[in-house]
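TrEMBL has this to say about the protein:
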TRANSMEM  A:43-67  transmembrane segment
TRANSMEM  A:79-99  transmembrane segment
TRANSMEM  A:119-145  transmembrane segment
TRANSMEM  A:196-215  transmembrane segment
TRANSMEM  A:236-254  transmembrane segment
TRANSMEM  A:260-279  transmembrane segment
TRANSMEM  A:286-305  transmembrane segment
TRANSMEM  A:317-340  transmembrane segment
TRANSMEM  A:347-365  transmembrane segment
TRANSMEM  A:397-415  transmembrane segment
TRANSMEM  A:446-471  transmembrane segment
TRANSMEM  A:477-506  transmembrane segment
Amino acid sequence: MEPTAKTARGLWRSVVQTGALWGAGAIFLALVGLVEAVSHRQIVAGVLSLAYALLLLAGLGAGIQVSRRWAGTAAWQRIVGGALAGALVGVAVGLLVVVGRSVNLRIMLINASPALYEILSFGLGVGGVPLMVLAQTGAGAIGAATPLLPPVFRRPVMAGLGTAFVIGLFQDLVQLMLQSGVRASLRSLLFTGDGLALHGAVLLFVFAAGVNVLRARYRAPASRWAVGLSPQRRQVLRWITLGAVFAAILILPWVAGLFISQVLVLVGLYTLMGLGLNLEVGFAGLLDLGFVAFFAIGAYTVGLLTTTGPLAVAHLAWWTVVPIATVVSLIAGVFFGLPILRIRGDYLAIATLGFGEIIRLLVLSDFLRPWLGGSQGVLGIPKPVLVGLEFRGPQQLIYLTVAASALVAFVAARLRDSRLGRAWMAVREDEDVAEALGINTVNVKLLAYGIGGAFAGVSGAIFAVMLGSVFPHSFNVLISINVLALIIVGGMGSLPGVMVGSLALVGLPELLREFSDFRFLVYGAVLIVMMQLRPEGLWPTAVARRELHDEAQAPAVPGHAVELAGAKEGDG
Amino acid sequence: MAATLVAARIQRNWLQRLSVIDIFLWAFRVAVLAAVVVGTFRTLYSGRYAGEVWIDFVVFGVSQGSVYALIALGYTMVYGILRMINFAHGDIFMCGAYTAYYAASALYRAGVFNRQPLLSLAIILAVAITASTSVALLVERVAYRPLRRAPRLVPLISAIGASFFIEYAVRGLYGSGFQAYPEFEVFKGKWNFFGIGILRTQAVVIAATVILMGLLYLFVMRTKTGTAMRAVSEDREVAALMGINVDRVIVITFAVGAAAAGAAGVLYALVFKQVHFFMGFYPGIKAFTAAVLGGIGNIPGAMLGGLFLGLFESVGPILVLDGLGIVAPYQLKDVIAFTMLVMVLIFRPSGILGERLAGKKA
């Protein structure tokens, strides 16, 4: 891009910079405790653990980046540059080992333990440092070579590596699912006792790469076939797909087992909350950091109205309380929205954060203890029963969560396409203009708070029966941040995005338990990185994609792009 | 004729639309005011607290408020220039305090801590300021600078991400427990000023804040860089036309704000004697409240807002809540702060001193 980048000095500087940056990244990962925490998770048994995979990713990343920056130079030069950057990463990691073994860093950095140095030096002491440098050099070279491959080769290779990596990462879960019959023999083919076997990894690689090649070959004809179908046929196809999905959901908890069901219930609850917050942030543009309050209100309503404990207000059935909880959180949402109607933009975020905290502190206080139980919470919430079926564990609750999420997603989709949804989007884009167009912004905003709150209330109602108790500690600001992060990762305003986001941000950390301590570290990094690289999210709405990448799509009308940028800057 | 008709219609619409909310807001205002008045009256009437107790609370409030004021400076200066809430500022404050803890405990182990208290305090302050400034510059470079032209919510979300990233990075690097700050022997006990006994730590905090504030005020008002900062906050484009390097000014603003926050971190640790990776979150929000209270973008406003908030927070629970018959009123001290935050944002987003800037910035 810049002309200086192509001069020899510029090239070398980019190698040093990139290597140092990724090296610092690798050191950070080591010192923050991530490397040691994941060192026991084998990806390929006895060959590669997640710790080394993470460390080598630093070298790989450095290689890719250098190779990209050197675009236009000869292939061997790019590979050598990448290898050098990788070597620098290795040197940085080695430096940590050498320094750490002579100076006690542990006074300050709790993770700078001998165990960490063991991992970083392959258990060989200082003698392992050259090995690390060598490995990182290799990773850098491979990284630099990847952008050089033609896509025809790169895609299958990536797909193969990715599949083997993911299966290896979740080997314990996959093995758990492959217990009997044909599945058991598949398991013995791929896995050894303690993880994915090397030949299993190779098999998976070949399989996934093959599927990728076939898919690339037949994708166009298949979609042509689908487009060519008559509407009636397509309708039938859609019903078949729906039926298949329904059947899959019905049998899912029994195939997946207790643990995965539990995780999926959590994912479902966050999806519900995400759909609610998505309505406020994604549709109406009202950034709400106190969203957890509605979740708490739903949960407490269910708790107080169904509990068998001393705090009970009534002893109703869960099914009768859910509509009540929904309505209560809806009203709470409207009341919450009323005073802050005139606050805009980032002030709104802080005001809602304040509101959420006020509610949590009040619930926690001794002042309201006689009614809400203070820090002890509300205990003894009975499980719901439907025609003799008791929703006693996650494997039953999952049906409830899926049904609720589907219903809420349907409502959200219909709302989005309704007049109200259009009004929300108008308010999101420009409140003054929306008002000038005759939209009653007061009602529209209050409805966003109310309906968003109601969705979270449903989630809270299920959460209460899932735990069988409600504590104020479950409703801190981290939940709001969590929900916000997931809708941003999924794509603001996008309904499938909420699902994707909660699978990625709630499901994954639950499955990789070692990560649970680093969850918010990763969230923070994800939010920062997403805002720069993919502000529209993983599964964006078409509008967001167009808007955030308009410079790429509308080069023909330069004046238009400038105007948009100016409008964005000036807004607020 | 037509114009007056339209005007009348607009007026009627405005009335129709806003009356319900206005009534609601007025009711809200009256309710809060009534609670404050009734609570205050009943507390004072009961005479449960002697004069000395009040003085203690006021002094504590002022020292707490000066810490908020120091943190609030960072919010207010960054907001003045970038129109952006630096959500991670509270965590920058935490980084300073936490890193300085290691300097303090090293000095303590070396025995210098109590032999040379002033020197030690200077070293600790220097370490804290260095740490928080470097973190702030890193955050600015990585999380904010690339997003300068993005739509408004984008940098805020990035800032929220930075905030949690810093918190949990510190948790990973330094550990998740509370660390106890060593105590200065000289600062134990009370000093007597005009017959009023004041805890020494609090006196030190107040004095240090006054000095730092004075220096900062001189820096912003009297130096060339300070003038450039004010120019950029007034109008960025025009400032750039005048030959001011806007990027550099922004970096300096972040650095100065972070330095104040780092110093605040040490003062905070002097009073509370412990540090924790999450310690920046609530002081951060409260300092933001202080900044808004004083009028965001306004440096004397931040000082004033900090003092107000500290006082309300420390005196409010016993003055108002106790009188209302609320048990354990001190548990609700944060509720007072957050209620003030919400009330200020609702009723006077321009703050106490912020009239001039209100239209453009809020």
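Keep in mind that glycine also has a Cβ here, set from the backbone N, Cα and C atoms.
Any TrEMBL annotation is an automated prediction that lacks curation.
Given the structure is predicted, the values throughout are model-derived calculations rather than measurements.
Counting residues 6+ beyond its ends, the transmembrane segment (A:317-340) has Cβ neighbours under 8 Å at 290, 293-294, 297-298, 301-302, 305-306, 348, 351-352, 355, 382-386, 445-446, 448-454, 456-458, 460-461, 465 in the same chain. Long-range contacts of the transmembrane segment (A:347-365) within its own chain (CB-CB distance under 8 A, at least 6 residues past either end) are made by residues 286-293, 296-297, 300, 336, 340, 372, 374-375, 472-473, 475-477, 480.
The stretches the transmembrane segment (A:43-67) and the transmembrane segment (A:119-145) are in mutual contact, each linked to the other by at least three Cβ pairs under 8 Å (pairs 6 or more apart in sequence). Counting C-beta pairs under 8 angstroms (sequence separation of 6 or more), the transmembrane segment (A:260-279) reaches the transmembrane segment (A:286-305) with 3 or more such pairs.
Residues 30, 35-36, 39, 51-52, 55-64, 66-67, 78-87, 89-91, 93-94, 96-98, 101 of the same chain lie 6 or more positions beyond the ends of the transmembrane segment (A:119-145) yet place their CB under 8 Å from a CB of it.
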